[in-house]
Amino acid sequence: MEALIPVINKLQDVFNTVGADIIQLPQIVVVGTQSSGKSSVLESLVGRDLLPRGTGIVTRRPLILQLVHVSQEDKRKTTGEENGVEAEEWGKFLHTKNKLYTDFDEIRQEIENETERISGNNKGVSPEPIHLKIFSPNVVNLTLVDLPGMTKVPVGDQPKDIELQIRELILRFISNPNSIILAVTAANTDMATSEALKISREVDPDGRRTLAVITKLDLMDAGTDAMDVLMGRVIPVKLGIIGVVNRSQLDINNKKSVTDSIRDEYAFLQKKYPSLANRNGTKYLARTLNRLLMHHIRDCLPELKTRINVLAAQYQSLLNSYGEPVDDKSATLLQLITKFATEYCNTIEGTAKYIETSELCGGARICYIFHETFGRTLESVDPLGGLNTIDILTAIRNATGPRPALFVPEVSFELLVKRQIKRLEEPSLRCVELVHEEMQRIIQHCSNYSTQELLRFPKLHDAIVEVVTCLLRKRLPVTNEMVHNLVAIELAYINTKHPDFADACGLMNNNIEEQRRNRLARELPSAVSRDKSSKVPSALAPASQEPSPAASAEADGKLIQDSRRETKNVASGGGGVGDGVQEPTTGNWRGMLKTSKAEELLAEEKSKPIPIMPASPQKGHAVNLLDVPVPVARKLSAREQRDCEVIERLIKSYFLIVRKNIQDSVPKAVMHFLVNHVKDTLQSELVGQLYKSSLLDDLLTESEDMAQRRKEAADMLKALQGASQIIAEIRETHLW
């Protein structure tokens, strides 16, 4: 047991440097009602008169008292400074820094002064603790907490809810699972009414860390004793019940020493409780508390060891990120540049050490831009967006010039499809911009997660960011130009012989043929019946032949009628061809879109002159040929509908081919001219711009507080390693 005292003391000192909030050691918390003898028990354990005593409420602030065992031979006690003190026992307050107290009357007075400074001088209570450490060869290594006694009625400056405030204060200390509760109860009160045991059971229902102390054994009524209570027959306590005899107020007034009090206590126990004398008393209480503390520490060692290891790993990682002081600046600069370039490329490739889990980044995000954002944007572009029937008809008529069109002009198709292809340029350039932005974000990602060493050198970090940003900025116009050229290439030559386009035209031809057959099935019988009704016995030719010029000249009013029909056709926008004539619409696609024989027969039938009576003067109207034709809302003729349908299908077919090409070629161009180029030239660009002897000192200048943070991390790591070593020593002792 004695061998463990210096080890436990070292452990306590080490964790005092770490901080009690980081690692909480087991401590003894004294609770009880007001004037039950809590402070007297503490004084007996310390062996000195150091706590304020009196009637009523005396302890008005929590007192954290740490007892530190020192050897008898060590007469000169120092604090690590030049000044020391020649004494066997001394105390030190946390709020007075390094000031030492050898007179325990001064310690008691300082406690009173510090209490009044915070709590006032009229029985006020404060939750702010007083920290006191006592060094003595007469104590074992214990940490004790003296708390204000529980009360019911407020007095002096105490608030109305003083009972609730003190209760919450006590619960805050005893709720710590690493604490041992010392429940103090006066022997001259009923054990069943003990407030200390009641509040202890609230946080420790199993009684695994509660020790009962019975005070004032010498003040019981004549003829009674505490034998049943001390034996645990009234209320059993798992850790035991220990009786003690405190000094009375008369003994204190007479300056009776603690040593004399302990001697008289032993004599009293031998006389009144001879069978229990060796298991009661202040000395036995001290040994029991020490044993409980040791076992409690043993139970907490695994958790303490784990927490120390976690903290040590954190501070080791932090210290590594701070790095060692730079000796070879040239090698350090080259190493940092190379590491950044490698991490940047690895982030793009997806092999980086630190992989983001909350969102896509690096190469994965670039892939998403190519195949999701850019792909969906292109697919959302309507092949016929911005075109209507009037636009198509106008383009067809403008492409024919002054000549009537026999076929749909190919130039009208090219004009319209180029207009649609041009719409693919804007989303393509936007794709380049998104990839450029993502490569900018990769710079920050590498700085924050991958190469934390750069945080040591803020100027180097800024310089690297500037060089990479400039490199990306230089590649942006080149990439945009290439993407622009890809669209321009598609606009430069409309390849109507493209295999996919020919296949589409073949499918379209089959569809149109089917529609024509359906239309012919409806119109051919009516044309034949009309031909039979218009025959003259011997004057007209067969219906299958065209009328001769002589026959046309003989028809009454034919010239006037033809002129009127032409005029009417021009005014109605028929393109110089009669509405009823079904002309082939192949233009330069004759081999793709063919006219059936049946349709040619129907065209011949419709081209035959139909005798018409001379126009009535009252129904005629004048036509001004100098007027500019204006669009007229009307129903499209069959030919116009067919021409628009053909152009729309051809535009859609060719647009889909071009869109597929753009969707495939733009990501390739971006990868070659931007992404891969930056990957290949990044390190050489960084070395060329930054690896210069004139820039070494400036770039490798650490931030002002880096040295201080490195020292603090090293000190904390050393303290944690010392604590880990002490725990290992405790485990190796025979006690465990």
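Positions of Cβ are set from backbone N, Cα and C atoms, glycine also.
The following features are taken from Swiss-Prot:
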- MET1: N-acetylmethionine (MOD_RES)
- 215-218: region 'G4 motif' (REGION)
- 344-489: region 'Middle domain' (REGION)
- 502-569: region 'B domain' (REGION)
- 523-590: region 'Disordered' (REGION)
- SER529: phosphoserine (MOD_RES)
- SER548: phosphoserine (MOD_RES)
- LYS597: N6-acetyllysine (MOD_RES)
- SER607: phosphoserine (MOD_RES)
- SER616: phosphoserine (MOD_RES)
- SER637: phosphoserine (MOD_RES)
- CYS644: S-nitrosocysteine (MOD_RES)
Point to revise | Same-chain residues at least 6 beyond the ends of the region 'G4 motif' (215-218) whose Cβ lies under 8 Å from its Cβ atoms | key: 36-37, 40-41, 184-188, 226, 243-246, 268-269, 272-273
**Study point:** Cβ packing number for the residue listed as 'S-nitrosocysteine', 10 Å threshold
**Key:** 20
**Study point:** Per DSSP, three-state class assigned to SER637 (phosphoserine)
**Key:** coil
Check your understanding: In which DSSP state, out of helix, strand and coil, do we find the residue listed as 'S-nitrosocysteine'?
Key -> helix
Exercise for review: Rounded to the nearest Å, what's the C-alpha distance separating SER637 (phosphoserine) and CYS644 (S-nitrosocysteine)? Just drop the number here, would you?
Suggested key: 11
Review point. According to DSSP, how is the region 'Middle domain' (344-489) divided among helix, strand and coil residues?
Key: 113 helix, 0 strand, 33 coil
Exercise for review: Tell me the Cβ neighbour count for SER637 (phosphoserine), meaning other Cβ atoms within 10 Å of its Cβ, over all protein chains shown.
Suggested key: 18
